[in-house]
Amino acid sequence: MLASCHITSLSGILLLLCVQCSAQILINPCGDVPGVRGPCSANLRRFTFAYGRCVPFYYGGCLGTRNRFDSFVECERRCLGGPCNQTPGVVGRCYAAIPRYTYVPFPINSCVSFTYGGCEGNDNNFEDVNVCFNLCVFRRG
């Protein structure tokens, strides 16, 4: 996300606030310290990016770091990038039986079929095996 600042005066304070605001938005939250609960006492289930993957933790409701996401999918989208870098074969919590394809990087570097539940999965979920191969396998070599 890119912020824009509208300066209506040449005040040094406004300019400083603008620069600080833009810098905070451009810094990737995935690099912040993971899983910081904070000093408050709520038990909010959130996700944090740690050791190359998104994991759940309980957030206290205040302070902490920006490495905190409301959902697993949001964490993966922000921290892992495109669909080929996301966890393969996430079924989700629903019970539909939808045939899909997912990219598995290691150890096979290939697209395989899986059954998607119909909700909450992630973007490593393709309706067409050819799209999966073209996007994930052939581009990576």
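Note that Cβ sites are derived from N, Cα and C of the backbone, with glycine treated the same way.
Annotation note: Cys30 (disulfide bond) sits in a helical segment as assigned by DSSP. Around Cys30 (disulfide bond), taking its Cβ as the centre, 18 other Cβ atoms fall within 10 Å, counting all chains. Annotation source Swiss-Prot lists disulfide bond at Cys30-Cys79 (among others), citing sequence analysis.
For Cys40 (disulfide bond), the number of other Cβ atoms no farther than 10 Å from its own Cβ, over all displayed protein chains, is 13. Under the heading disulfide bond, Swiss-Prot lists Cys40-Cys62 (among others), citing sequence analysis as support.
Under the three-state DSSP scheme, Cys54 (disulfide bond) falls in the strand class. Spatially close to Cys54 (disulfide bond) yet at least six residues away along the chain are Phe47, Thr48, Phe69, Phe72, Cys75, Glu76, Cys79, Leu80, Thr87, judged by Cβ distances under 8 angstroms. The disulfide bond feature in Swiss-Prot is assigned to Cys54-Cys75 (among others); the stated evidence is sequence analysis.
Swiss-Prot lists Cys84-Cys136 (among others) with the feature disulfide bond, giving sequence analysis as the kind of evidence.
Around Cys119 (disulfide bond), the same-chain residues at least 6 positions away in sequence with a Cβ under 8 Å from its Cβ are Gly92, Arg93, Cys94, Ala96. The disulfide bond annotation in Swiss-Prot covers Cys94-Cys119 (among others).
In sequence order, Tyr101, Thr102, Tyr103, Cys111, Phe126 are the residues of the chain that are 6 or more apart from Cys132 (disulfide bond) and have a CB within less than 8 Å of its CB. The DSSP secondary structure for Cys132 (disulfide bond) is helix. Taken from Swiss-Prot, the feature disulfide bond applies to Cys111-Cys132 (among others).
Feature annotation from Swiss-Prot assigns domain 'BPTI/Kunitz inhibitor 1' to 30-79; the stated evidence is sequence analysis.
Among the features that Swiss-Prot reports, domain 'BPTI/Kunitz inhibitor 2' is placed at 84-136, with the record citing sequence analysis.
According to Swiss-Prot, the feature signal peptide maps to 1-23.
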Given the disulfide-bonded residues Cys62, Cys94, Cys136, which one is most crowded in terms of C-beta atoms within 10 angstroms?
Cys136
Which of the disulfide-bonded residues Cys30, Cys40, Cys62 has its Cα closest in space to the Cα of Cys136 (disulfide bond)?
Cys30
Segment-level pLDDT (mean, integer) for the domain 'BPTI/Kunitz inhibitor 1' (30-79)
93
Determine, using Cα-Cα distances only, which of these disulfide-bonded residues is closest to Cys84 (disulfide bond): Cys30, Cys40, Cys62.
Cys30
